[in-house]
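Worksheet for the structure shown next.
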């Protein structure tokens with residue numbers, strides 16, 4: 001079985017937003033299964049590397065969806081402690097405060113409470129993940145028939161199949177993915193700085209630490225978040241990295 005508690009089905013499935021599912025039988029689903037299997041090996045540095053022969057955009061897309069689901073679940077466990085009164089501003093310790101803007105609905109950054117900010121943030125991420133032009137779920141493969149079934153190749157050659165030829169990733173995919181990950185990091189930062197006592201009481205710290213370590217190793221592997229953005233958890237990141245040297 002997998003060593004990572006993130007992947008076990010025994011946890012409470014309370015999530016903040018609906019879980020984003022990757023269609024079973026699709027190539028992305030196989031990539032996700034590969035990621036889960038390598039995570040179980042315990043070597044996270046190796047687990048985050050691009051598998052041989054795979055497309056970088058697709059690997060980043062699959063993992064971004066997975067991180068969204070993990071953070072969704074982690075924040076879901078502490079939402080009752082993250083309230084308008086306990087967290088009137090979205091912060092990560094005394095030195096870092098975040099104001100929300102998405103560039104479309106809210107152009108000028110607004111100061112708001114942490115639960116409001118995280119609701120805006122997770123809704124915005126969800127909208128990006130649900131946008132087929134940004135995160136195509138059918139990429140050069142057919143999801144009507146499981147890819148490992150004998151009839152897959154024959155079926156994939158039928159021009160009428162709606163899955164083909166597959167939708168390519170857009171040119172701005174990487175910049176959107178970087179923005180998503182930069183924003184998801186802020187939820188980890190808020191949980192660690194403002195709610196770690198609740199995480200400890202719920203005995204979720206191993207779960208949180210494993211998830212965050214996986215997230216950090218992934219963004220470091222592909223240089224997806226600027227170092228300055230990671231400053232609120234700089235010490236923790238150093239500590240997690242030093243254990244693997």
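Using N, Cα and C of the backbone, Cβ positions are placed for all residues, glycine too.
TrEMBL labels come from automatic prediction, so no person has curated them.
According to TrEMBL, the protein carries these features:
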{"type": "BINDING", "residues": "82, 87, 190, 195", "note": "Zn(2+) binding site"}
{"type": "COMPBIAS", "residues": "1-13", "note": "compositional bias 'Polar residues'"}
{"type": "REGION", "residues": "1-23", "note": "region 'Disordered'"}
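Within 10 Å of the C-beta of residue 87 (Zn(2+) binding site) there are 19 other C-beta atoms, taking all protein chains into account. The binding-site residues examined here are 190, 195; by Cβ neighbour count within 10 Å, the least packed of them is 195. For residue 82 (Zn(2+) binding site), applying a Cβ distance below 8 Å and a minimum sequence separation of six or more within one chain yields 75, 114, 115, 118, 190, 194, 195. Cβ atoms within 8 Å of the centroid of the Cβ atoms of 82, 87, 190, 195 (the Zn(2+) site) belong to the same-chain residues 78, 81, 86, 114, 115, 118, 191, 194, site residues excluded.
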